[in-house]
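All remarks here apply to the structure that follows.
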Amino acid sequence: PLPCLIQDMVSDNRTLVTEFIILGFPNAREVELLLFAAFFLMYVLTFTENVAIILVIGMDYRLHTPMYFFITNLSFLDIGYTTVTVPKMLANIAIQSQTISVTGCFTQLYIFFFLGSAECFLLTTMAYDRYLAICNPLHYTTIMDCRACLWLALGCWLGGFLAPALPTAFIFRLPFCGSNIINHFFCDSPPLLELSCQGVFEIEVINFVVGTTVLMSSFILTMISYIFILATILHIPTAEGRSKAFSTCASHLTIVTIFYGTTMFMYIRTKTIQTFDFNKIVSVFYSVVTPVLNPVIYSLRNNDIKQGMRKVILKQ
């Protein structure tokens, strides 16, 4: 029971942690200004690029198709994904605002993994959309109608909302006493588990099972879609036809490779790797850099998006 736990802690001359200190990048103090400028620029670019994509798709009726509907959802996820971590990181660097309440820390942890899980499911849905478009084009519009798109998108958001609930709840119930310094630039589960004054093996197993289930199930389903896509493309008789078909999914495949490569390294493991500085670099890549690249890779190189932007700009 909680009262007994608190009493035991007091008797051991330990106090419960009421706030955490996010360490950030202590080994880069001499280049703080450069770090701030780089992260601020990437955040502004992420926000601007994705808002532009959302507005263009919303205003151009020619882009009201399943593929661009899912791209819009991806843009919303990328905006949220960076907003939940980068502003606090910028405050940490600029004004040394390193403290965060326990409630704020776990809220950040939950929202970050909620959006990350939703992105996993959305990337799988987008692969399924490309599978239908390439492998079953005659029935594509019948299968992927407005209702199907809405239900699939809702399923991605709901799945993302539910996936981190159990791990976050178990971590939230852990007693934190003694050191309150999180060796990271946001509230991530591995450094939080390091601060607990209670055994965390069971929670590490739960994190591993949930992370493996979310990442591997979505990744495997995505790869199955691409196996069928590749088989279909190889049977297209002309080189031009094969090139055109492959170009419709090349950008998505690039994003899938980057996203799953970094997240699997970070979260599919039973024991926390102690090289937190290296983990920070990997975390920066998938939580800050990838959302900047997604609009460029997926949309801004797309002729339909470019035409839509020109159309919107000329109307102003």
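Placement of Cβ uses the backbone N, Cα and C atoms for every residue, glycine included.
Taken verbatim from TrEMBL:
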type	residues	note
DOMAIN	49-298	domain 'G-protein coupled receptors family 1 profile'
TRANSMEM	33-56	transmembrane segment
TRANSMEM	68-89	transmembrane segment
TRANSMEM	109-128	transmembrane segment
TRANSMEM	149-172	transmembrane segment
TRANSMEM	208-233	transmembrane segment
TRANSMEM	245-268	transmembrane segment
TRANSMEM	280-300	transmembrane segment
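Counted over residue pairs 6 or more apart, the CB atoms of the transmembrane segment (33-56) and the transmembrane segment (149-172) come under 8 Å in fewer than three pairs, which marks the two as apart. It is 245-268 that, among the stretches 68-89, 149-172, 245-268, forms the most Cβ pairs under 8 Å with the transmembrane segment (280-300). Mean pLDDT for the domain 'G-protein coupled receptors family 1 profile' (49-298) in this predicted model: 87. Residues 66, 69-70, 73, 106, 109-110, 113-122, 125, 128, 189, 192-193, 202-203, 206-207, 210, 214 of the same chain lie 6+ residues outside the transmembrane segment (149-172) yet bring a C-beta within less than 8 angstroms of a C-beta in it.
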